Structure formats: C-alpha cells, structure tokens
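Enquirer: Sharing the record's features from Swiss-Prot:
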type	residues	note
BINDING	CYS140, CYS563, CYS566, CYS572	[4Fe-4S] cluster binding site
TRANSIT	1-17	transit peptide
Amino acid sequence: MSLNFLKRYLSRSTRNFQHVFEDQHGLLSIRNPEIDVPITTIDDNLDERNINGPQSDQEIVNRLIQSMVISKNEETRPMLKNEQLMNIYKHWNLYHKNDLPFINPTKYTPFEFQSIENDDISYINNPRLSVTKLLISGWCELRELYRVFAGSVRTPPTKAMSAGTKLHLKLEQALHGVIDLEDIENFIRSNTEEIMEMYDLVDNDGIFDMNPDDSIAIDWSETIIERLYSLIVCSESREVILHGYLNLQKESFVENEQEIKNPSSVLVSGIVDQIQFENPENSDDFALFDEVQKYLDVEYEQVDETPLVDLSRFFDDVKNIIQCYPEFQLKFTDLKTRMVYQIPSQKSVLDSAKFQTFYYRYFFELLSKDANFAYRCLLENAKRRGLDVDKPLSVLTTFRILRRHYHLFYNDFLKLADGKPIGFAPFDSERIDSDYEFGKLFVLGKDFAQHQEQASQHLKFIESLGGYDSLEYDKLLLPLLKTWKTPPTLRYLAARSAQFYEIFGSRLGDTTTVEYRNTFTGKIIDTKVYNYNNGELETETIHASDFWNGKLDPEPTNDFSRCQYCEFKSKCAIPKIGKISDSHASIGPEVRKFLNDVKHLQKDC
C-alpha cells in the first residue's frame, strides 16, 4: 500500500464526517462538513510542510492519523469553555465543534510561538525559557503543547499557590531579613521632587528618579551577591538566581564564552529555593564558617558591628580558607508545598522535581567554573532584556543598594568614586568613566544650589535621615557624596556576581534534595534525596529541546485521572478515550477500517 494511496483513502474516508485541508499559511485545519467551505484533498506538498527535515512515509502517515479527530458524536461536543480553548482554536484555525488534534498543525515551533504570542509580554521582548518550562513530562506533554499554543495564558493563582508563595517568602525572610526602606525612600523622593520643582530641573540622566530598568540591579545585588555572601558566611542561602544558555539546535547547554551570543542559544533562568554549604558527614560542623567570621572580624573595619568587606581582597582570601576545609560541599534543594500531608504518588511528578534540582546544580556548575564566563553570561542576560549594561544606575538605586548591603558595597563604591580599579580585570579594562553626580540628591530642598559647594548642606540632610534610620550615615554616606569618576552600572554588578559564583567552583557536591512541606503549617512532610547524574540530565535536556524545537510529538498522559484538572479536557480526545474500554468501539467504521489498513502497512514496511 503506497503513501499516495493512503492520502487519497484518508481524503475519501474522512469526507463522511470531517475534512482536512491546508490554508494559505500552511496551517492544517479540520472542518465539519455541515459548513460550506472549499475542500481540498491532502496533496503531496504535505510531505515537506510543517515537519522538521525529511520524513519517512510511515512518519507522515502517523502524523495524518494523529491530526484526525476521534470522537463518536460530534453534535454533542461542548462549546469552548475558557480563554485557553478559545485562543488555541483561533491560533490553530480549528472548527469549534471538533476536538483538538494531537500535534501542532502550524509552521511554528513551540518556542517560536511562545515568543510571538504570550500573555507575558516580557517573553516577547526577551524570548527565553525557565527551568520549569523544561520539565515538560511532569504531568502531560500534550497539555504543555496546548498551553503554549493557547498563548501561555496567565491564570490567577489558586489558594494553594498563594499559600505556597507565602511560605517561600516566610522562609526566605527568616534567613535573610528585610530592611524596610519605604519611609526613607518617600522622604528622599519628596525632597527630590521639591528640588526639581524649585529649580526647574529635568531628570534626563536618571539622577533624581528611579528607572524601571534598575530593578535588575536590585535583583543582582540581593539575590546573587548578598545571597552568595550569606552562603559563605552563614552556610545557607535561599532564593538564589541562576541561569544558563540552551542551544536548541545542539540540544545542550552552552559551556564556552563564544557560544553565548549564538542565535540558537536560549536564555534559561531559574531561582533555586535553598543552597547549603555543609560537611555531608557532619551537619553540625561549622568550623569553616567560624574561620571565615574570624577573618572578617580581624581584617575589616566595622560599622554597627558589621565588617565593611573589601571585595578586592575578600575573594582570594576566602578561597584560601575554603581550601583548608575540603569536606564542605554545596547541596541544592527545591521546596514543594503540599495541601495534604503526603508527597505526590505519580512517578513523573517526582522525577520532574528531581530534574529541577539537577538543572540548578548544573547551572551553578557552569557559572562557578570561571568568573569570566559567568561575567559574560550575566552581561548577555541583561542585553537580551534590552538593557544598557554601561548606563549609570539611578542615584536612588545606588542608595538602596548601599543601605541594604553597605557591608559589601561601601568599599567598592569608594573605589568607583575615586576612579580606581576594583581588581577584576575584565571589568577594569571595559569600564567607562564618566561623571556621576551622586551627591547632588542628598541635600534638603531649601539648601539646594546647583553651582555651590554643598558639604554643609549634606550634613543637614544626613541629620534628617537620622529621623528615619539609625544607621551611621556620616560614616557610610558622607564620604560618597561627591561626583564619582566611575558610575555604578550593571556591568559592575555582573563582575562582582561572577566572582561570588566562582568562590564555590571546586565545591559542587552531588547531592540534591526535594523538600515537601505542608502549605499551611510549613512542617516538613518528607525529603527526597538524589544523587546528581549528568547523563540523566543530558537525556532530559535533549527531550525538552525536542519539544521546544517542534521535533517531538508530545506524549499525552496515560493517567486519565489527571485530565479532570486540565483546562483543555472538554476538547481533548484523551479523557474521552479513558472513559471507554475499547477506543475503537467509538470510532466510525470508515476510520476503523483505515486504522486497520495502517496496521497492515506497518507490518509491510
């Protein structure tokens, strides 16, 4: 039996209940015969259309079968019930009474479509993936495909999701604390507005106001630099930013600097819930951290009993200390919240959580092996977001970073202000020096003068800050209130972030864990411990790449109980199949005969 015969047979056999045709965009559509539309048979052009590379006759036949709708009674099918269904029927040009096909009938890969139709516009402006989006097999691959082509609709969080988010935040704040700057920032903003109004100033250079792009600077200073400092000083950190670049064509992650900018390299971001730096043989061993704390207390001046670290010395010194404690290793943990006091029973769900921790561990390996590589990765990350890595941060952003993390940034900011190198060659050779008017903002409106010496006015402003904050601003802020020679930028923060990753490059352990907690009480239900396996992760990465490349026909779940939670269940054939003991019994005799013929063809091939 030839492929052409099957095509003709399919066109003739299906004419009794549905028709398949291609529109001018190459979009495979399924129509109902009661609608008066032009009908075309499936022609030879289908062989080369909407598929990746040469396909065998059998593969094409399989695609034809999968695109068919296998429902018994078309007239009783429910109408489209939600936004996701309406979107996917529109995007796939489907007749609303037909069920969803099992494969993508468009010319776009899932990654391409996600990057042009997405509820979250940031994915259009900066096409990318997340670690969770690589975990396509955790529940149902077919649902993942439908969600992408429905436009990645953002749905309101459920009660369980909101409670889980609160628990994550509670654990994070219990470890890292929160410095509330709302009152002091309101004071600075109102004072700035008064100055701008009195002197008719325009904030062309972002000196006075907060730029939206500065949020990434706050993120890097907090969730990379501060968190990794906590890891080396306190043995633990939560909510740490990680990322890598997945080459979708090679189906592997980028490991060299030259490949980062390759168009096929897709940014993949994630936030690991917890990293611990510990002796796996003795969790009560804190000798390393006692040594680090002793070093900090002896070597650095303190303000408010907090050492002011000189990062130019810190990195090499701490690496030398770590070398004396070879037993300490990193452990990566993902936290899952559960409304009931039991862990998931489905193996695919457990495996998905395991691979999530594997990705985090691997990303940290990539970023920690070489500071220059991590530096380039971070710069590319910012550039893909449309950010200028050499644009000076707003004065308010710089103040926020200084206030929250003065123990890490004060000495560095002195170096930038004086135009001195920070001790990281890639940054020092690429930095752009320009005047940065940091001091102009910190003057009371009534004392402000654009072209006069303002030292005395600065003191008055600092006295006013004392009404909101007990920090010794005369020691930490006053020396910086001048025109800096080198402005703080994302490039600077990328440099320091990269150096913090590199501290741990030789201490990547092979243990990852998934911790299950009750959503409402926070109590630990169970902890799954895994041994990192790079080979397993490579296989998982290839599978995920095939999905996003459009090379993979997604596998539907074989656990029909999962279908009751799916937003596509009313138009998906899988739950219908699950309700009958023999799926062929519900298919019309013409289609059943066709399927039997195909079985014979498979035997003949």
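The backbone N, Cα and C atoms fix where each Cβ goes, glycine too.
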Enquirer: Relative to the Cβ position of CYS563 ([4Fe-4S] cluster binding site), how many further Cβ atoms are located within 10 Å?
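Expert: The Cβ of CYS563 ([4Fe-4S] cluster binding site) has 20 Cβ neighbours within 10 Å.
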Enquirer: State the count of C-beta atoms found within 10 angstroms of the C-beta of CYS566 ([4Fe-4S] cluster binding site), not counting that atom itself.
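Expert: There are 19 of them.
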Enquirer: Which residue, of the binding-site residues CYS140, CYS572, has its CB surrounded by the fewest other CB atoms within 10 A?
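Expert: Ranked by other Cβ atoms within 10 Å, the binding-site residues CYS140, CYS572 bottom out at CYS572.
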Enquirer: Taking the recorded [4Fe-4S] cluster site as CYS140, CYS563, CYS566, CYS572, identify the other residues of that chain whose CB atom sits within 8 Å of the mean position of the site's CB atoms, giving them in sequence order.
Expert: LEU142, ARG143, PRO556, THR557, ARG562, TYR565, PHE568, LYS569, ILE574, PRO575
Enquirer: Would you mind pulling the DSSP three-state label for CYS572 ([4Fe-4S] cluster binding site)?
Expert: coil
